[in-house]
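Student: Here's the feature list from TrEMBL:
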type	residues	note
DOMAIN	6-210	domain 'Orotidine 5'-phosphate decarboxylase'
BINDING	12, 34, 62-71, 119, 172-182, 194-195	substrate binding site
ACT_SITE	62	active site, for OMPdecase activity
ACT_SITE	64	active site, for OMPdecase activity
ACT_SITE	64	active site, proton donor
ACT_SITE	67	active site, for OMPdecase activity
Ligand code: C5P
């Protein structure tokens, strides 16, 4: 996936009005938007196509899909039919559940991102011990796209070493959760930034500052 300026906006706002304001403000710098449960539950799945059509952006649906294969398949089908370019899928549920999403993605000519490990402190209890196995499973399944944390650079590096240099890693946790853009981009292809931008009093300049910082 081509991500302009290597930055993805996590648009975790709860109204379309605010979503449009923020997406519009950053549109010179960011063309890939992650839509998750806050916006999709508040405004419906059509929030995906509305943003996509208005800003010609790519949409990654962060639904952290984690169900049995049959249900995963339905979730992925609905998400792709709503216009998402990619969906984020949990790996801990196992190969069959992940494969169901991959089959949906293939059928719709869309992409799957495999979530290996999360960025928050609580992830160290259960997910971190499994993360390397999850990444290995992704490689065995032929998955190209991964999500790994910006808050734990050594973990991000470990995941990169497992999935290889040709894999595409996106990394959340930059800014509000404490991760830094430049060290994250040493190992990830793109950084995901949410609150630092959408809670900023000037999202446009904040996005510009982040992008300018990458170019230094
Ligand atoms: O506001 P902030 O920049 O912390 O947003 C990070 C985004 O990335 C949120 O949408 C969060 O749900 C998501 N995310 C994460 N850690 C993961 C996977 C997704 O923080 N491992």
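Even glycines carry a Cβ here, placed using N, Cα and C.
Each of these features: where is it, how hidden is it, and who are its neighbours?
Tutor: DSSP assigns residue 194 (substrate binding site) to coil in the three-state reduction, outside any helix or strand. Here residue 194 (substrate binding site) comes close to 9, 10, 11, 12, 34, 172, 175, 176: these same-chain residues lie at least six apart in sequence, with C-beta atoms under 8 angstroms from its C-beta.
Other Cβ atoms within 10 Å of the Cβ of residue 62 (active site, for OMPdecase activity) number 27 in total over all chains.
Reduced to three states, the DSSP call for residue 64 (substrate binding site) is strand.
Within the same chain, the residues at least 6 positions away from residue 64 (substrate binding site) whose Cβ sits under 8 Å from its Cβ are 88, 89, 90, 115, listed in sequence order.
Around residue 67 (active site, for OMPdecase activity), taking its Cβ as the centre, 16 other Cβ atoms fall within 10 Å, counting all chains.
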Student: Rounded to an integer, what is the Cα-Cα distance in Å between residue 68 (substrate binding site) and residue 62 (active site, for OMPdecase activity)?
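Tutor: That separation, Cα to Cα, works out to 18 Å.
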Student: Given the binding-site residues 12, 68, 119, which one's Cβ is surrounded by the fewest other Cβ atoms within 10 Å?
Tutor: 68
